[in-house]
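Quick look at what TrEMBL annotates:
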type     : residues : note
DOMAIN   : 524-574  : domain 'Cationic amino acid transporter C-terminal'
TRANSMEM : 70-90    : transmembrane segment
TRANSMEM : 102-120  : transmembrane segment
TRANSMEM : 171-190  : transmembrane segment
TRANSMEM : 197-217  : transmembrane segment
TRANSMEM : 229-256  : transmembrane segment
TRANSMEM : 316-345  : transmembrane segment
TRANSMEM : 366-385  : transmembrane segment
TRANSMEM : 391-412  : transmembrane segment
TRANSMEM : 464-486  : transmembrane segment
TRANSMEM : 492-514  : transmembrane segment
TRANSMEM : 526-545  : transmembrane segment
TRANSMEM : 551-572  : transmembrane segment
Amino acid sequence: MAWGLPSSTSLVCFCQKLNRVKQLEESTTETSLQRCLATLDLTLLGVGATVGSGLYVLTGTMAKEMTGPAVLVSFSIAAMASLLAALCYVEFGARVPRTGSAYLFTYVSLGELWAFLIGWNELLGYLIGGASVARASSSYLDAIFSHRIRNFTMAHLGIWQVPFLAQYPDFLAAGVILLASTFVSCGARVSSWLNHVLLAINLLVILFIIILGFVLARPHNWSADEGGFAPFGFSGIMAGAATCFYAFLGFGVIAASSEEAQNPKRAVPMAIIITLGLVAVAYILVSTVLTLIVPWHSLDPDSALADAFYQRGYSWAAFIVAAGAICAMNTVLLSDIFTLPRIVYAMATDGLFFKVFAHVHPRTQVPVVGILVFGVLMAFLALLLDLQTLVQFRSISVLLTFTFVAISIIVLRFHKSPPASSLGPASPVGSEQASAPEPGQLRPALRPYLGFLGGYRPGAAVAWVLRVLVASAITLDCVLVFGGSALHLPPWGHTLLLLVSSVVFLLSLLVLGAHQQQRREDAFQVPMVPLTPALSILLNISLMLQLSSLTWLSFSICLLIGLLVYFGYGIWHSKENQRELPGLLA
């Protein structure tokens, strides 16, 4: 048999496989997981997943090396970008209350390949995030004992000078992860209870830091004598915002846990909004008092808050802060280990990942295989990798996920049949859609002015315009970030490219807005679509471009490994693929 080039028909079928979307026909109440989480549980889970190493470690690192006292501006920018993404998560969480978070959102809107890449990306993000939190937690634990553990390890194993690797293996961080994995494997109720206890201690310590911090504040620390408010300029502020962005990921944990919520359509949106508000206030206030207590250039990057009080002579306060930091970072670690196996479970249930990870323990009702396997892998990463490498990798993972969720919202709004419409036997939206113009079509009032778009089938023009919108956002951000440096553009070229990309971006928004959208009264919807998700896309890409080239290189290698897994296993074992086979064989 001679081997030849694939036919055009086979290529079309192959591309259709990559873009097939998940059909949600089953009842939302059917699940192998235990529905035991109320709104308060989800909120505390989200806050616990967010207020950790970003507050106790990253604030000091950013203030000393990237932003100075302007660290509070970086957190404000990151919080604003997170708000745009959170609104998208709220809509999806209310309409598609299933385990899987951004992976599932992408699957029901953009297609299988993109869904797998986002699921793989989330898997890597939680692995790296848990490892980074464990290393930060071990640093605070070690600081309580005057760094005896670090000194002992360095004395007996030496110091490593290898890119991406830590100076010494952190056995304490690996042990903390294995212990946390054991608790999570006992069930959602046990890990939720432990999260509540640790979070209560953490919130009391944060309140203590803010009150005592303002009492000890010295406005002189922001003066020109100490380097000024923004010693690293605007570029430093944006680089800091890109780095700390991962610190606001807690609402992703809420979305991933929606299948275990008692009333997901109400509890998930409320928990996400409350979590983001509380966390944003905490980060901004704590980063403010940190640089007012002591000069930013004298901070200890490894344990900034505790060291700041120690420098001012409040060693007892430093001990309280260290205890709060350990509790906070362990709540984040618990949340990461809680969420990661559930995303893998969702992918394995859909057939895109190895089937063994879909196994749920009959007694504890948790995906125990995923918890154990990825807990060990996370411990291995914490043992060897450098903290700064881990943090930047987590940030790029989060930003890419948020970008795809924003794109998915636009696709969902202009799609004829919402994914959630088949989830209920009698939806009030159905009667409205029968009389309303079909989503994806031009608005009747604008047809006389945009008649050239009227010849496309509903949604086709939107799909092309969305591609142009994303391309123009990438171009615009590249010009803004690299136009004066890496691109070496002359002033007129920089201005022209900036103008053209801005005009194309705005025109794409106008054309999208000229098309009919879905309107639902039974679920939360993101306001001002397509403007809100488009701004989220623009800001996320801008922050991604601020990260280092080594971070991009390592991230690209990990995505290539993911593609090998998908084309070697996922595409053939996908449940959607199994649904197509009977039709092909008939």
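Placed from the backbone N, Cα and C atoms, the Cβ positions cover glycine too.
What TrEMBL says about a protein is an automatic prediction, not a curated fact.
Model, not experiment: these values are computed from the prediction.
When each of 171-190, 229-256, 316-345, 391-412, 464-486 is checked for Cβ pairs under 8 Å to the transmembrane segment (366-385), 171-190 comes out on top. Among the recorded stretches 229-256, 316-345, 391-412, 464-486, the one sharing the largest number of Cβ pairs closer than 8 Å with the transmembrane segment (102-120) is 391-412. Non-local neighbours of the transmembrane segment (526-545) in the same chain are 78, 80-81, 84-85, 87-88, 90-91, 238, 241-242, 245, 395-396, 399-400, 402-403, 406-407, 409-410, 413, 469-470, 473-474, 476-478, 480-482, 505, 508-509, 512-513, 517; each lies 6+ residues outside the stretch with a CB under 8 Å from one of its CB atoms. Taking residue pairs at least 6 apart in sequence, the transmembrane segment (391-412) and the transmembrane segment (551-572) share three or more C-beta contacts under 8 angstroms. Confidence annotation: the domain 'Cationic amino acid transporter C-terminal' (524-574) carries a mean pLDDT of 89 in the model. By the Cβ criterion (under 8 Å, sequence separation of 6 or more), the transmembrane segment (171-190) is not in contact with the transmembrane segment (492-514), since fewer than 3 such pairs are found. 70-90 is the stretch from 70-90, 316-345, 391-412, 492-514 with the greatest number of Cβ pairs below 8 Å to the transmembrane segment (229-256).
Counting residues 6+ beyond its ends, the transmembrane segment (316-345) has Cβ neighbours under 8 Å at 33, 45, 48-53, 55-57, 99-101, 103, 119, 122-123, 126-127, 129-130, 133-134, 136-137, 140-141, 143-144, 176-177, 180-181, 183-184, 188, 191, 194-195, 198-199, 201-202, 204-206, 208-209, 212, 250, 252-253, 256-257, 259, 303, 305-307, 309-310, 353, 357-358, 360, 366-367, 369-371, 374-375, 378 in the same chain.
Across the domain 'Cationic amino acid transporter C-terminal' (524-574), DSSP helix (H, G, I), strand (E, B) and coil residues number 39 helix, 0 strand, 12 coil.
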